[in-house]
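Quick look at what Swiss-Prot lists:
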type	residues	note
BINDING	GLY15, PRO16, SER17, GLY18, ALA19, GLY20, ARG21, THR22	ATP binding site
BINDING	ASP62, VAL63, ARG64, ASN65	GTP binding site
Amino acid sequence: MVEPVQEYRLVLVTGPSGAGRTTAINALEDMGYEVIDNLPLSFVPRLIEGPSIGRPIALGLDVRNRDFNATALIELIDRLTQDPRVALEVLYVDCSASELIRRYNQTRRRHPLAPAETPAEGVEREIDLLAPVRVRADHLIDTSEMSPHDLKAELSRWFDRGAATRLAVSVQSFSYKRGVPRGVDMIFDCRFLKNPYWVESLRALDGREASVADYISSDPRFAPFFEKLRDLVLFLLPAQLEEGKAHLSLGFGCTGGQHRSVAVAELLGNALAEAGWPVSKRHRELERRAAAVLPTHQGEKA
C-alpha cells in the first residue's frame, strides 16, 4: 500500500500573551513560511482541504482567537496529527509569569483576559488555560531571558531548513541557585568537579578562561567524565536526527554558573563543533552579569 504524500508542513504557534508569539510569527515569515495569524480554529481544517501552496504554513493561535479554547486546540492537534497529508509541529513560545507581568507593567498594556484587572491576574489565568496545550508542544522556547534577536536566532536553528541540514545543538550553563532553565532536553550536574571559586586567583574569572578550564580539567574525575559525556552526546545526536528532531538543548549546572558549568559547556560545544554539528553556546549567569551593567534601553525582551 502506498502511503499518502505529506502535502503540508504546518507549524502551530501559540503561548501566553507577551511571551513573543508575534516575534516568532514574523521570524517564520522571514524564513519563507506562509503566515496566518489569529485564524479561527474552525477555519484551520478548511485551509488544509484546499490545494497545497507549495511552502510551509505557520498559524498563530492565542486566546484572542474568536473561538479559542484549550480543549478545541488539543482536538485540532489530534486531528491534524492523524491526517497523513500534514506534517504538524506545535511551537509553544513560553515565558515565566514574573517576566510576563514585568513586560505588561513596562508597556502598560492591558491583558486580554483581564482588561479591567491587574496584568498579574490575566497572566496567571492564561497560564492555567494554556497548561494542557503546553504539554503537547513539540518545541518549547522559553523567552524569559531572551531578546527578540535571541528568539529569532533560536527559531532559525529549529525551523529554517535552508540554514542547516543537520540537527542543531545548543549548550548552556546555569546556576542551580537561580533555578534550572526550562526547555532543556538534558541536564548535567557539574558540582562534583573541583571548584575554582576557592582559588583566589581564579575566583573573579569564568570558565571561558584557559586557566579556569585547566584547573577544572586537573580534577582526576574530569577526563573520564568528559569522555563519557562527549561519547554519549555524539551517540545520541544521529539518533535524535533520525527521529525527526531539529534541535537538542543541553544544560550544564554548577553552584554559581560561573566556572565549572561554563567550562564544561564550552569544551563540549567545541568538541561537537569539531565533529561537524551546528552548535550555539549560552551562559545564562554570565549574560545576567553583563546585562546588569548595560543601560536599561538595551534590555529589551522578546
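Cβ from N, Cα, C; glycine included.
Cα-Cα distance from ARG21 (ATP binding site) to ARG64 (GTP binding site): 12 Å (rounded to the nearest whole number).
Cα to Cα, ASP62 (GTP binding site) and SER17 (ATP binding site) are separated by 7 Å. When other Cβ atoms within 10 Å of the Cβ of ALA19 (ATP binding site) are tallied across all protein chains shown, the result is 31. In this structure the alpha carbons, written CA, of THR22 (ATP binding site) and VAL63 (GTP binding site) are 13 Å apart. Taking the mean position of the Cβ atoms of GLY15, PRO16, SER17, GLY18, ALA19, GLY20, ARG21, THR22 as the ATP site, the remaining same-chain residues with a Cβ inside 8 Å of that point are ASP62, VAL93, CYS95, LEU100, THR143.
Using a 10 Å Cα-Cα cut-off around ARG64 (GTP binding site), the binding-site residues GLY15, SER17, ALA19, GLY20 reduce to SER17. The Cβ of ARG21 (ATP binding site) has 24 other Cβ atoms within 10 Å, all protein chains considered. Residue environment of SER17 (ATP binding site) contains 22 other Cβ atoms, counted within 10 Å of its Cβ in all protein chains. A 10 Å cutoff on Cβ-Cβ distances gives GLY20 (ATP binding site) a total of 29 other Cβ atoms nearby, all chains included.
Around the Cβ of ARG64 (GTP binding site), the number of neighbouring Cβ atoms within 10 Å comes to 12. According to DSSP, SER17 (ATP binding site) sits in a coil region rather than a helix or strand.
The Cβ of GLY15 (ATP binding site) lies under 8 Å from the Cβ of ARG21, ASP62, LEU91, TYR92, VAL93, ASP94, CYS95, LEU130, each on the same chain and at least six residues away in sequence.
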